Each structure stands twice: as C-alpha cells, then as structure tokens.
Amino acid sequence: MNADVIIVGAGAAGIAAAIELQSTNLTFVILEARDRIGGRAYTDRETFAPTRVDLGASWIHSYGPQNILYSFHQSLKSEDTERRMRGTELCLDYDGKRFSHEAIFQARDIYLQIDEHIESYRSSKEAKEDQSIQQIMQAIYDRLVPNSGPVKRLVDLYLSGSEQYDAADFAQLSGKQWGVGAADGGDFWVPSGYGNLIERIAEKHNLPIELNTLVTRIDTTDPERIEITTLNNSSKFYCRRVIITIPLGCLKRETITFQPPLPDWKRQAIDQMGMGLMNKLIIQFPVCFWNEKVASFVHACNERRGRFRFALCLPPPANILIFLVAGSFAHELEVLSDTETIEQIMKFLRQIFPEKTIPDPIHYRLTRWAHDPLSYGSYSYFSVNTGPHTIELLARETSDGRVQWAGEHANIDDGTHQWSYACVHSAFQSGQRAAKTIRSQLCTT
Ligand SMILES: Cc1cc2nc3c(=O)[nH]c(=O)nc-3n(C[C@H](O)[C@H](O)[C@H](O)COP(=O)(O)OP(=O)(O)OC[C@H]3O[C@@H](n4cnc5c(N)ncnc54)[C@H](O)[C@@H]3O)c2cc1C
C-alpha cells in the first residue's frame, strides 16, 4: 500500500496528526497494533458496566479554553454532565485515624521548607551538575523530619504526591527539573472517560486507521520512499513521510527496527529520558462502606512512602475505589498475581476502616502498564541530567526530515505557560506539530 504519510500509533498524538493532515490533499493512514484506538487513554466500558472507568488517563490537565482537548470535550459532551470530581478528600493516618491540627501544621511547615530548598537548588546558577531530588533533599530531610510519628508520616505523604504525579521515585527524578512542565490550571475529570473522548474525536473525523497492524521495521535507505514492514501482513507499506508516535517505553525496548539505525543522539535521548509507572487498581464492592460524600482519600503509612497513598471513591451505585499506585511500589505489584494484590488491598482497607464490615469485591481490574508490550510504562519523566533539551532531541526529525517524531514525550517546549509533557494534550500537540512540519515540506499552499 502507498500513502504520502504513514502515522504509526493511534493514540492522542497519532490521531492529532491525522486530523491535521485532513486539511491537506496528502494521502495518509494510521497503523495501530492494538484492536482499538486511544493507546494509553482507554476507557473500560465492560468490567464495571454501566460505570465506565479509565485504565489510563482520566483528567484533562490545565483545562480551559486554551486546551484543545477540553474544547473537544465541550463540543462533544452531550452524554456528560459537566462536573469536576467533587466531594471531600480525607487524609488518614496509617490506622485510619485523622491527624491532629498540630501535626498537620508542623508537617506543612516542614514540607514547605523542603520544597523551598529543592526550588532554590533548581533556580540556582551554581547547580551545574544535576542531582536526584532524593540527593538534594536528603540532608534537609534528615535535619527537619522526626524519625517516626505522625509528623514524619504526613511529611512523607505530602512529598510522595510529587512522586505519584511523576510516576517515579525521588531517587530517579531530576532536581533541576523540579516542577518543570507542570502547566498552570486545574484538572478536569472526564465523566464518560478520557479514552471515550479520544474515540469520539477520531469517529467525528472519520480517520483512516488500520487496526491490528504492528509495525516492526522502518527502512529509510531509499531516498525516494520509506518502506514499512508490519508483522501481520506480507505486503509492505510505502510512503514519503512517516510520523512515529509509539510510546517512549517501546522506543527504549527497540520494538521497531530502524534501517539505517537511529543516530546516536536520538538513541541517547531515548535511553536517558525516564519512563514512569502509574497503575490503577480498580475495585468494585457490593456496597459503599465508606462515606459516600468522600471523593478521594490519601493515606499515610509507616514503612515507606507512596504505597496505597491515594484512592478515588466513586459513590453508589458504582461503589468503586480506584487506587493510583506509582513508582517502585507499582513495579513491585505488577509481578504479583491479582489475588495477591487484592489480598494486600483488603488487608489495608480493613486496617483503615476497622469499625466496618468490608465485603469482598465483586469485580476488579488491575492495570500492568509496565508489562504492556505496546507501552512498556505509563508516561515519561525527567530523570537526572534530562530536561526540555532531551524532549527537543526526542522530537527532532531524522532521515532528512522524512521521519517525524511525536508522542507525550516529544512535545517541544514552546516557551509558553501552556507547555506540558507526559499527558494527553502534550501528545496531541506533538502530533499536530509533526503533521504541520510535513505539510510545510510537501504542500505548496
Ligand atoms: C495510569 C495512567 C494514568 C494517566 N493519567 C493521565 C491523566 O489523568 N491525564 C493525562 O493527560 N495523561 C495521563 N496519562 C498519560 C497519557 O495517557 C499519555 O501521556 C497519552 O495518552 C499518550 O499518548 P500518545 O499518543 O503519546 O501515546 P499512546 O496513547 O500510547 O499511543 C501510541 C500508540 O502506538 C501504538 N503502538 C505501539 N507500538 C506500535 C507498533 N510497533 N506498531 C503500531 N502501533 C504501535 C500503541 O498501541 C498506542 O495505541 C496517564 C497514563 C497512564 C498509563
């Protein structure tokens, strides 16, 4: 098959690139390995029906009229009643009790001092060498945080919020990039599912997508045409330009062979940028044994930061708890069986709700994004010695501009406050940018 442009991957980046190409007279097709579109934005409609639950992205970050995905949501939202996640957030100690005001006050103060310390390292010109957040904060942490007790647990809880957001541990995260790329604005929970929204955007545009088509090789040796080999059909695809949107985790594992091999600078950027892990443990109960006005809870623990630290609570009739686990703890859980993980969660729930009789779950779904061969992780993070310059390399074209790169990890910093990475709208923006470049290369008007 021949096309002017082939887009590899039908996640947010691939779909955005295709929509952009529709305004040209170029022929194009998206090749997608899965039997569905959306990639890491995927809504499970079956397990908890009629409730829909996102297994990947669920919030439009920095939402508002400037965010194209929020604009799409507003124009397509017939089935959504607009709402953010409302309700209270509970903050629970390891045994389910509330913290005293005094402990909260003290812990906040210490947390702000640690945060300020990392921030001053980040902005100081002397800090030429990058270090992990763990290294930067160790001394001040040891000095300010008590060895045990509620204040320590609370400080750990506050700190682990950043680890959860970045889907990696402080020992891996770059101190120089602390807070970089976290665009302003609130988070909007897409009630009918972020994956569902992406599907509806694609449907509305009636995009040409070949599902179940795993790309294995991209050959740019011939200057006239690029040859694309797929696993499941003997015929090859030929094109003038290709846009690669497969996840950073797949690029790290070299799931596609490039001929000629990728230049060293590209390979190094792929190797250096971090691929984080965030998993969702979604559990449905026959009854709502928690206060149904509670929208989420955070939990402090004794042993180590960031275990079952955060759960979203969907009220009746859904009766669903969604735990978000990240970093090394998420990796540890991925290798356990479902039964072992559910046992851990039930033990945990019985510990924090000791006065309740908690029934066994009726349905559950546990994601394993690190073992998914079409993502190998959840989303990118700045590891030590990486930064926006690494994203610029990840996004930079190869093969004389015939190969364009997009995806959540390849959204170039445009110098505005709107810039972001590692999220659905960064993927979308990167796809638009790649397609615009091809339009400027191949179209005269
Ligand atoms: C648990 C979790 C929670 C998240 N929460 C949020 C959130 O609340 N808000 C937010 O904005 N972001 C969130 N994210 C991140 C967000 O989901 C991603 O940044 C975004 O969806 C990435 O889009 P993409 O197009 O770059 O990649 P993908 O969506 O991964 O698309 C790439 C596509 O390429 C396909 N592919 C891979 N290899 C091949 C191949 N060889 N041949 C053909 N096709 C291939 C894949 O199947 C996939 O469909 C979350 C992610 C996870 C996992």
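Placement of Cβ uses the backbone N, Cα and C atoms for every residue, glycine included.
Feature annotations, reproduced from TrEMBL:
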type	residues	note
BINDING	GLU32, ALA33, VAL215, GLU408	FAD binding site
BINDING	PHE323	substrate binding site
DOMAIN	13-438	domain 'Amine oxidase'
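Annotated features taken from TrEMBL, shown on the structure.
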residue: GLU32; record: FAD binding site; Cβ neighbours (10 Å): 26
residue: ALA33; record: FAD binding site; Cβ neighbours (10 Å): 23
residue: VAL215; record: FAD binding site; Cβ neighbours (10 Å): 22
residue: PHE323; record: substrate binding site; Cβ neighbours (10 Å): 22
residue: GLU408; record: FAD binding site; Cβ neighbours (10 Å): 30
Largest pairwise Cα distance, Å, within the listed FAD binders GLU32, ALA33, VAL215, GLU408?
19
ALA33, VAL215, PHE323, GLU408: which of these binding-site residues put a Cβ within less than 6 Å of any ligand 1 atom?
ALA33, VAL215, GLU408
In three-state DSSP terms, the structure that PHE323 (substrate binding site) belongs to:
strand
Given GLU408 (FAD binding site) and PHE323 (substrate binding site), what distance in Å do their CA atoms have, once rounded to a whole number?
23
Three-class DSSP secondary structure - GLU32 (FAD binding site):
coil
Write down the Cα-Cα distance for GLU32 (FAD binding site) and PHE323 (substrate binding site), rounded and given in Å.
29
